[in-house]
Amino acid sequence: MIYTAYLLLIARNVFLCSSQDCFKTSWSSHKLVHQKLKSDGSLTSEGLQIDWLYCLKKGQTRTPQLPHFDWTGSLRPYPISKWRVVPGTIQKPDWAIDGIPKIEPNSDLQSRVEIKTASQIERMRETCRIAREVLDAAARFIRPGVSTDEIDDVVHEATIAAGGYPSPLNYHFFPKSCCTSVNEVICHGIPDARKLEDGDIVNVDVTVYYKGVHGDLNETYFVGSVDEESQRLVRCTYECLEKAISIVKPGVRFREVGEVINRHASLSGFSVVKSYCGHGIGELFHCAPNIPHYSRNKAVGVMKAGQTFSIEPMINSGIWRDRLWPDGWTAVTSDGKRSAQFEHTLLVSDYLLYLQNLVKLYFLISA
Ligand SMILES: [Zn+2]
């Protein structure tokens, strides 16, 4: 009963927190509610049932019961909280209301790689900076005992405080404002009531929509003290992304990205996920080019100055194969071993642009 009362408080608080001022003024009480919830220790699913339900499948079917599934590891889904509100003043993508993207699937940018204009690039820089700051806010919050739903709350509030919309929210009915992928979850984990435990690894994937463009990045974090094998996996995944970024320039084939990543991952004895790829991004959340992270892939085309896309390798401790939970979102390793991921949104710049940025940086430093 007590649990229920706290949860209702949270739900109301989330509703009240829909404006930046309200969020600022109610932050201390908001935090108190969260702390109360945490000090209570166990959240029984009984206590969660009124407002918190399991996500059963895409399209927002929810159930009080844990769905049946041949789980691949020790992680299980937990109930998820109610919808978080986005203030009416914030510019929203076309799926925000009914969960269905309309422009994106019908755009010719699904097959043609766009060269961004100076204005688009400028707006993407602003949006990506916000996304970076939002992810940093989430990262500061991560510790044992914090639920992934609380991380989602931080992401949601930080995004709308910056005037942005959290792109994942209601995208093809995704119920939360970011993805949180714990241990054997490869990607697209749904933030829920499960509290992070000492020794977990958790990826937080943030996308912000601001001034008509998206900025997408993610990182995997250690929760408390993590075993050596997981540390090796996370470090290797970070290096895979760094090595892939280092080859990005005009004239390089998209398929090269996968060669670089696969080489580094397999040297460490890890495998590369094949079902999820990097993607073009801009005014659309996901568009051409498709960028596989594995070797001998069939990606066509070469990089050109002005293109923007994500690189986001998912590296597995065991086998590369993935499976999908019955919620229709959560991709897990088929052997239940851990998976890590890092992501950046990139702009291919030409030499002239590179020099311009160098000059800008010089004036910025000397100012
Ligand atoms: Zn992405």
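Backbone N, Cα and C define each Cβ position, glycine as well.
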Same-site divalent metal cation 1 binder from D192, D216, D327, D335, given that TrEMBL records D205, E343: D216
Co-listed divalent metal cation 2-binding residue [TrEMBL; alongside D216, H279, E343] among E150, E157, E184, E312: E312
For E343 (divalent metal cation 1 binding site), nearby residues of its own chain (Cβ under 8 Å, 6 or more apart in sequence): D205, D216, L217, N218, E219, L241, G278, S310, I311, E312
Long-range Cβ environment of H188 (substrate binding site), under 8 Å and at least 6 residues apart: F174, C179, S181, D205, W329, T330, A331
Contacting binding-site residues for ligand 1, chosen from H188, D205, H286 when the Cβ sits under 6 angstroms of any of its atoms: none
